[in-house]
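If you check Swiss-Prot, you get these features:
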type     : residues  : note
BINDING  : H83, H182 : heme b b562 binding site
BINDING  : H97, H196 : heme b b566 binding site
BINDING  : H201      : ubiquinone binding site
TRANSMEM : 33-53     : transmembrane segment
TRANSMEM : 77-98     : transmembrane segment
TRANSMEM : 113-133   : transmembrane segment
TRANSMEM : 178-198   : transmembrane segment
TRANSMEM : 226-246   : transmembrane segment
TRANSMEM : 288-308   : transmembrane segment
TRANSMEM : 320-340   : transmembrane segment
TRANSMEM : 347-367   : transmembrane segment
Amino acid sequence: MASLRKTHPLIKIANDALVDLPTPSNISAWWNFGSLLGLCLITQILTGLFLAMHYTSDISTAFSSVTHICRDVNYGWLIRNIHANGASFFFICIYMHIARGLYYGSYLYKETWNIGVVLLLLVMMTAFVGYVLPWGQMSFWGATVITNLLSAVPYMGDMLVQWIWGGFSVDNATLTRFFAFHFLLPFIIAAATVIHLLFLHETGSNNPIGLNSDADKISFHPYFSYKDLLGFVIMLLALTLLALFSPNLLGDPENFTPANPLVTPPHIKPEWYFLFAYAILRSIPNKLGGVLALLFSILVLMVVPLLHTSKQRGLTFRPITQFLFWTLVADMIILTWIGGMPVEHPFIIIGQIASVLYFALFLVLFPLAGWLENKALKWA
């Protein structure tokens, strides 16, 4: 008789996804980030739940409630530090996961890839509304600046901004709804993750050489379950070290000051993981143009599968595109640096060049290099 895990309607689903899943035998550590993202999501939902038990979403008490969590709640300081720094690890894993997808041509699984881009947008949205909740100076002014961007929408912009604010400025109504969104979105992310996996398991995983691996598959458990476990240990160790030794390393000192609508901070900037997009936004002098560039800096990922010209899937055997890939990585680092710098010479021009290069790589240089490599191999 077949075992329960293969027959039980519910356990069978988990078995097919986590135990008996046929997996390419040669996938490297770059394939660990999917499960690490799952771990990040679970960690964030759990720590967030415990924070929500003590947090109050009212402008008169929000800041003090966070102080109360850190001072008076049992291990509240730890829960808060893990939650705040867990967001940074979430984005590190997301960017690594996307980079892996770009490098090895995983984007050719179009449904999985597009759901992934939607997931990225959802996570970015969640992080943004979450950053507003402590109601510090950078929370308030970050919310003001970013929500104000919607006023660039023609005809209905101003109405849209006031609708999101729930008034004529970022105020109590804004904080309350942002808390509601911040609580709800992670569960939508969890649901979208299930769809992401559903589409992935329709095709199976890609692998480093980009060839069909049906002839050489091994079961997920115990091989990759233990490999994932090693990744979990490394990431949790790194997160714990950051949360215990330098919890404020990645935060903004402005956020230790309660929100004050009458005092604007000298430099308004988002958390480090949004700086690249912020740099692209700022590099265009026109408001609507900047907003569109900001939006397209993420949505450009959706056109990557359509612009794939190479006869090979990944970049393992494609040196020209490899060079362009690492140029993209360097470009992202430069944009991140520029996003945190004041708007003055030479940062303005560096940001503009880096922004043009960012879009040129995705829309022109990658497809061109793929075509060129086909020609070089006489495959075209």
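Just so you know, the numbers here start at 1 and follow the chain as drawn.
Glycine residues also receive a Cβ, built from the backbone N, Cα and C atoms like all the rest.
Scored on C-beta pairs under 8 angstroms, the neighbour of the transmembrane segment (226-246) with the top count among 77-98, 178-198, 320-340, 347-367 is 77-98. Taking the C-alpha positions, the distance from H196 (heme b b566 binding site) to H182 (heme b b562 binding site) comes to 21 Å. Here H97 (heme b b566 binding site) comes close to F33, G34, L37, G116: these same-chain residues lie at least six apart in sequence, with C-beta atoms under 8 angstroms from its C-beta. Cβ atoms under 8 Å from those of the transmembrane segment (320-340) belong to residues 95, 99, 102-103, 269-270, 272, 274-280, 282-283, 310, 347, 350-351, 354-355, 357-358, 361-362, 365-366, 369-370, 372-373 of the same chain, restricted to positions at least 6 beyond its ends. Over all protein chains present, the Cβ of H83 (heme b b562 binding site) has 21 other Cβ atoms lying within 10 Å. Of the listed binding-site residues H182, H196, H201, the Cβ environment within 10 Å is emptiest of other Cβ atoms at H201. Here H201 (ubiquinone binding site) is positioned 30 angstrom away from H83 (heme b b562 binding site), judged by their C-alpha atoms. Remark: the transmembrane segment (288-308) makes no contact with the transmembrane segment (33-53), by the rule of 3 or more CB pairs under 8 A. A Cβ distance under 8 Å defines the sequence-distant neighbours of the transmembrane segment (347-367), meaning residues of its chain 6+ beyond its ends; these are 279-280, 282-284, 293, 296-297, 300, 303-304, 307-309, 321, 324, 327-328, 331-332, 334-335, 338-339, 341. Just going by CB pairs under 8 A, the stretch in 33-53, 113-133, 178-198 that sits most against the transmembrane segment (77-98) is 33-53.
Below 8 angstroms of C-beta separation, residues 55, 57, 62, 66, 87, 90-91, 94, 97-98, 101, 106-107, 139-140, 142-143, 146, 174-175, 178-179, 181-182, 185-186, 188-189, 192-193, 195-196, 199, 270-271, 273-274, 298-299, 301-302, 304-305 of the same chain, each at least six residues beyond the ends of the transmembrane segment (113-133), sit close to that stretch.
Below 8 angstroms of C-beta separation, residues 69, 76, 79-80, 82-83, 86-87, 89-90, 93-94, 96-97, 100, 182-183, 186-187, 189-190, 193, 228, 231-232, 235-236, 239 of the same chain, each at least six residues beyond the ends of the transmembrane segment (33-53), sit close to that stretch. Taking the C-alpha positions, the distance from the residue listed as 'ubiquinone binding site' to H182 (heme b b562 binding site) comes to 29 Å.
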